[in-house]
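Below is one structure, written out as structure tokens, with a few remarks after it.
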């Protein structure tokens, strides 16, 4: 039989105030033996009236949340499935429980043990009391924010509103609650607390010797567990607020300005702030003292306060004032606006708003120059109005400051704006339209005439001046035009580009550009010269065609095919300036001759006894696409002839061969003498283009010998492929007759050159030969092969079809540490000297075999 189990008393760290705690009482209990564990379902609790001994007989409770075990400190229940106990402390309970709970538990053999659970609860968070300051006028009463309750000055758990610990006011200079919570401060006022509501009222004495902060009262609150907190309530009898006059940086012309007048005003105390809704404005007729009685306006944009300088309105929600200056106003306002504002106690103050507006940009007057003929009249551009010579804000067109002309050599407006200039003309201004006209005297001389000064004034009186200048221009001058361009190429000529107007103010009129028919005679004017030729209907001369682009004045000359030189018939044009004064000039184009044709040397290659052909004109070129070479003019230069006087169609050169020209095709054939080999002397030939211009070049044939091939060798270590450049030691028949690598083929041992067709040849026990695209041959030896491989032949043609062949002789050397004789399986042994002797014999045998093969091929 094992010993009985042992139950230990349970405690844990204090739990939070008014918060359920859980504990597992069996966690620290022990069975008498592992074979007899404690049984959770035997966990029972004792009623508070039970006395020892504690057993399942007098401790049989299994409390639940719905039917808990109630003690003086709270409620307990257990989860029978887990043995976890929950403690729900009473509201207001703190500290260690006064009635621990007793439990019993049995092991699997029914042996019982008992212990108790003793828990603790922490105090709640201490209460917090907040001070408050409020303003009051002499003889006035204020109520502070409620101390307890929702949004009260004090916070805490279960703040007491009745009975012991109820909120109270301290007797001044003590920590004792006043008996009736009515506390009088001599010479200042009386505090009264209603404990039920937590509201403190303060009644200020009607007569206050000094304004400012008064004596504070201390209040105390107590929470549900007796914790206390104190703070103060302070009355202030504030001085009146102070309003400061408002200005701001000068604003832009005719632009609304905003100002917040209360921004620089100050309340008497923070607890008596200024009230935005009390902001009122005074009519311009109001006189001091300024109060809400005579200053009650709240102007709006729709119903503003109007002064001599502009309009004012206020946003009652923000206190922002808007000033809309009059369009003609600039400078500092002549009528500042006065306002009044009150604090939260109704104490009023007043100040004024004084704003400034900058001038608009100064007006700008632009000079103008215009041309006029003697006895003629011109109108200058309007000075004021849309697109006028002068710009500015509200330029004045009537009354004081209206646009005027200055009397010459003064800064004084002419009385009637009619100003004559002796011997020149008369200026006249219409102030209503802003247009100045100038009537030139009939006998006025050409040149720039005396200017007149005009003056404009803007809406705020700023002025600007400039000048109007008439010019009597001399006649325009047209200058004859020339142009040089390539053969058979359209030329573009701008005839007016070098013509000179009498003055920039009297320019040429592009639309007046006209052309004369070929039959026209002097004098040339727009009467007998009225043509505007187009590409579809050009002006035709003996040299070509002419037309004009009327939008640009550019003339196009299309010369006749074959025309070269300066035109034989220049064309004539007339053009007029803005005063219809016509001038005339001619256009004389020149066409350059085309470049000479180009004849280039040709050469051919052939084998001995073979006829060679060459198209002599194949690489020749005409000087101009429109002037081709003439095939029928091709000739060879015979014995004693030289370019350009060559006439031969057949030329025989002794010891060389015969040249024959096919005049229908331009192809020359060269038949070499049967024994001729080499490059013949260059044979000259001539050819002419359609303009008869003769050029010459040469034809050079060559008869080449067969190319020469040399045998090739290569060497690599055992097992390493070798690439053999078989053409590196060979010579083609001629630099212009290279080998044709596409014809390269290998010969098998049984093949007889040149009858070979292989691109790859394998020799059993030795390796494989393969042709590469670049004309090299790769020999890949077998892994065990060492020695001189069986030579193989290769064949190749040059571009003339001449076939030649040679042989390839690769050698494979053993690895440096092993020398193996081909056909043997064992390495050579003995001294180093023996190895060298073996190699010498081997190489001698290879050389002897190659020499025998070469002699056999030669034979």
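Cβ atoms are placed via backbone N, Cα and C, with glycine included.
Bear in mind that TrEMBL entries carry predicted annotations, made automatically and left uncurated.
A quick note: this is a predicted structure, and the numbers were derived from the prediction, not measured.
For 1-29, the entry in TrEMBL reads region 'Disordered'. Taken from TrEMBL, the feature compositional bias 'Polar residues' applies to 8-29. For 41-119, 277-355, 513-591, 597-703, 712-812, the entry in TrEMBL reads domain 'CshA'. Annotated transmembrane segment per TrEMBL: 833-853, in sequence order.
Cβ atoms under 8 Å from those of the region 'Disordered' (1-29) belong to residues 35-36, 38, 40, 43, 82-89, 91, 94, 100, 103-107, 109, 111-125, 157, 225 of the same chain, restricted to positions at least 6 beyond its ends. Taken together, the residues in the domain 'CshA' (513-591) have a mean pLDDT of 97 on the 0 to 100 scale. Summarised by DSSP class, the composition of the domain 'CshA' (277-355) is 2 helix, 30 strand, 47 coil.
For the domain 'CshA' (41-119), the number of residues in each DSSP class (helix H, G, I; strand E, B; coil) is 2 helix, 32 strand, 45 coil.
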